[in-house]
Amino acid sequence: RERVRAMFYHAYEHYLESAFPYDELRPLTCDGQDTWGSFSLTLIDALDTLLILGNVSEFQRVVNVLQEGVDFDIDVNASVFETNIRVVGGLLSAHLLSRKAGVEVEAGWPCSGPLLRMAEEAARKLLPAFQTPTGMPYGTVNLLHGVNPGETPVTCTAGIGTFIVEFATLSHLTGDPVFEDVARKALKALWKNRSDIGLVGNHIDVITAKWVAQDAGIGAGVDSYFEYLVKGAILLQDKELMSMFLEYNKAIKNYTKFDDWYLWVQMYKGTVSMPVFQSLEAYWPGLQSLIGDVDNAMRTFLNYYTVWKQFGGLPEFYNIPQGYTVDKREGYPLRPELIESAMYLYRATRDPTLLELGRDAVESIEKISKVDCGFATIKDLRDHRLDNRMESFFLAETVKYLYLLFDPDNFIHNDGSDFDVVVTPYGECVLNAGGYIFNTEAHPIDPAALHCCRKRKEEQWEVEDLMREFYSRKKTKKFTLKRPPDHGEGENAKDPEDASSEKAGEKRNSKKSSHSLLSCPSQSFNSKLAVLGQVFLDNT
């Protein structure tokens with residue numbers, strides 16, 4: 001664990017010294033470059049890792065730097081997918097962790113705050129990409145002008161289906177449903193366009209919904225679509241998303257799985273098109289562990305680990321029958337996926353083999369990749385030539401998952417025994433109780449936060465009026481109020497059998513109300529008051 005911490009600071013400090021405010025560090029020349037849009041991307045991506053390592057003072061400093069220095073009103077063509085997972089995801093995660101990091105949060109947090117406003121601003125810049133006949137987004141958007149005329153309509157499957165975690169979180173925190181709506185529409189468009197045998201291809205035309213690349217598999221171009229069906233289902237407690245994934249899972253097992261490897265097949269026929277393992281596929285055992293399929297996950301993980309041991313890293317492509325790298329795909333850009341799966345599986349099994357993979361990863365990266373100014377992408381695992389790049393995901397994901405693998409007591413692994421109660425304008429809510437959902441850039445989202453803020457803005461009337469009503473009637477009437485059942489909006493749901501929201505105001509103010517509002521047994525009223533009628537939470 002301490003070696004991983006030292007790796008982080010070697011890379012992070014050199015980024016600050018040599019590359020900031022550029023997106024990424026170039027470790028061989030000790031300078032920086034913009035890669036994904038000029039957002040100081042490594043700083044945003046590394047922010048929650050700082051807190052996981054326990055560095056609250058630097059977290060606080062970086063929050064101030066980002067508020068002052070990041071501007072999304074720029075004439076830059078940005079990847080919709082990458083901006084979402086790295087920028088929107090990184091800002092949302094930092095926003096939700098900021099109180100834990102000792103940042104002085106504003107009144108109304110987590111339903112408001114500067115990092116949330118930045119995340120929302122960045123996400124709004126991506127919305128024009130979703131304005132297509134199918135609801136599937138373009139892959140690139142200009143942050144100032146929207147989608148460029150002449151922009152290619154061909155997008156990869158992952159670039160369409162990897163928004164629900166960030167966008168649903170944004171909608172729940174801000175009260176604006178547009179983000180979750182566009183993310184769901186895109187997910188459902190892919191589902192609708194799957195083949196008769198239940199598979200999706202690699203690239204699709206977002207205007208015509210015709211598949212352009214028809215290779216089906218679990219790796220590059222598709223990967224995080226499957227990941228977000230599972231994580232979206234867990235985050236939102238959404239059975240429909242999970243049933244979609246389980247249907248895909250059956251087809252994937254039927255057509256692409258051979259001896260615990262996963263191949264690429266033709267999406268309509270199921271015939272093998274590429275007998276190749278890609279390093280990006282190594283997330284799959286971790287995803288299997290999330291749905292409880294631990295035995296299959298371990299078998300596949302051990303296959304992938306043999307490749308790691310053969311090369312000291314995972315080549316981008318590995319030819320399974322030949323047992324060797326594929327031409328021009330011999331590199332390892334310090335990707336996190338195998339380490340990510342080890343972290344999940346270690347939580348599930350405590351198998352020491354998984355710690356051995358972590359140790360091997362630390363030793364490989366230090367031996368092959370470490371240079372004076374950081375850690376360099378490995379251009380070729382056969383001869384250990386390096387490339388002049390350190391991707392931001394090295395600090396966001398690779399180092400984070402390694403650290404969490406070796407730190408069983410980290411707050412991220414909280415089992416619910418420790419938590420914070422936060423008072424929001426909408427009542428009390430519980431935060432930091434664990435169960436974090438990592439987005440595909442390893443930014444943890446606290447699922448409990450989605451229940452802290454009222455989803456519909458027109459519902460923001462309760463506390464003041466309820467209190468006023470109570471105190472004005474207190475001396476003359478006995479009050480009763482039944483606890484309404486849940487109807488899909490978590491703790492803040494309204495009972496649809498009650499008056500509609502339009503009439504709620506009239507009803508509250510009417511002198512002729514047929515039933516009074518509150519009943520107060522011996523408990524103190526203030527200790528029981530919550531929002532939207534959920535007043536008495538124990539056996540009253």
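Cβ atoms here come from the backbone N, Cα and C positions, even for glycine.
Predicted automatically and left uncurated, TrEMBL annotations should be read as such.
Listed features, source TrEMBL:
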type: ACT_SITE; residues: Glu82; note: active site, proton donor
type: ACT_SITE; residues: Asp223; note: active site
type: ACT_SITE; residues: Glu316; note: active site, proton donor
type: ACT_SITE; residues: Glu337; note: active site
type: BINDING; residues: Thr440; note: Ca(2+) binding site
type: COMPBIAS; residues: 483-508; note: compositional bias 'Basic and acidic residues'
type: REGION; residues: 480-521; note: region 'Disordered'
Q.
Between the Cα atoms of Asp223 (active site) and Glu316 (active site, proton donor), what distance do you get, rounded to the nearest Å?
A. 14
Q) For Glu337 (active site), which residues of its chain lie six or more apart in sequence with Cβ-Cβ distance below 8 Å? A) Ser279, Leu280, Glu281, Ala282, Tyr283, Gly286, Leu314
Q) Hey, what's the Cβ neighbour count for the residue listed as 'Ca(2+) binding site' at 10 Å? A) 25
Q: State the count of C-beta atoms found within 10 angstroms of the C-beta of Asp223 (active site), not counting that atom itself.
A: 25
Q. Where Glu316 (active site, proton donor) and Glu82 (active site, proton donor) are concerned, what is their Cα separation in Å, rounded?
A. 19
Q.
With Cβ-Cβ distance below 8 Å and at least 6 positions apart along the chain, what are the contacts of Glu82 (active site, proton donor)? List them in sequence order.
A. Trp36, Gly37
Q: Enter the number of other CB atoms within 10 angstroms of the CB of Glu316 (active site, proton donor).
A: 22
